[in-house]
Amino acid sequence: MSKLFSEYKLKDVTLKNRIVMSPMCMYSVENKDGIATDFHFAHYVSRAAGGTGLVILEATAVQEVGRISEFDLGLWNDEQVPALKRLVDGLHYHGAKAGIQLAHAGRKAVLPGEIVAPSAIPFDEKSAKPVELTKEAIKEVVADFKRAAYRAKEAGFDVIEIHAAHGYLIHQFLSPITNRREDNYGGPAGNRYKILSDIIKAVKEVWDGPIIVRVSATDYAHGGLQLEDHIPFAKWMKADGVELIDVSTGGLVNVAPPVFPGYQVPFADEIRRGAGIATGALGLITRGEQAEEILCNERADLIIVGRELLRNPYFAKDAAEQLGETIEGPKQYSRAWK
């Protein structure tokens, strides 16, 4: 059997293969209430039917002010749980594990009213200027991640991912470009890491399942975070109980990175080796042979697929065929699934 289609354990959760659907915002909430819709059900469950091992839902806001837009999913209140539970049940029906990415947009929120950030620095000249979070407000953000994690558990999710990448709130704290604070949340790397550490520890108080953290391994900007900065961050995350790091790049500033097949894989490789922690690789991974090479050369532990799963819900089936394997599909499709 190929490594791509071997099982993988995240703590006590066993994935049937190493294909993960990347969290990707769909901006499809209908009533600006954060509640998942029929679109979300069809979108995610179809990828589970296609053979994906772990489906991670898009950035789901822990506070109403933490949405990227008014059309994002949320877990800031109990009314948002039932629709997510229905979705999780659909994923489980098809043999996939269910993950959810808990997030706060910080200064990248495009919402009416006040937005917040570690420091009062806007994303760009066209963006609203955020209000600097007080220490009390930071503690409330941490508490809301904990509350959202509890609701995720109530909905039946198997895995939680904390979004610390792409220029959103936690990433804003981590990077010296966006964090100019002079208290114990700013300055040295250990201080800038504090909010993420506090969130991980708070989540673990109500959640005993695996925790993944998504990071941006480089800011692609002078004075920003580079790969070498993420090795100590990754070591601290491992010590705090994180199972795996989902390694992306960019998003903090308005810079277009160089993009080519597998362009982010070297970052996952270096963090894996430098910090001794499992990683997920992503970045234009589109074929089974490409994914298999990454795993067999121990450059990452999981393959996180984004745009290719938007184009093809049956990526897992096609990847298996490319590797000379056959995987079991939905029994309803047996006449065509060969």
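Yeah, the Cβs are placed from backbone N, Cα and C, and that goes for glycine too.
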Same-site FMN binder from A59, A275, A278, A336, given that Swiss-Prot records S22, P23, M24, C25, Q101, R214, G306, R307: A59
Euclidean distance between Cα atoms of H163 (substrate binding site) and A59 (FMN binding site), Å: 7
Largest CA-to-CA spread of substrate binders Y27, H163, A164, A165, H166, angstrom: 19
Least buried by Cβ count (within 10 Å) of the binding-site residues H163, H166, R307: R307
Other C-beta atoms that fall within 10 angstroms of the C-beta of R214 (FMN binding site): 27
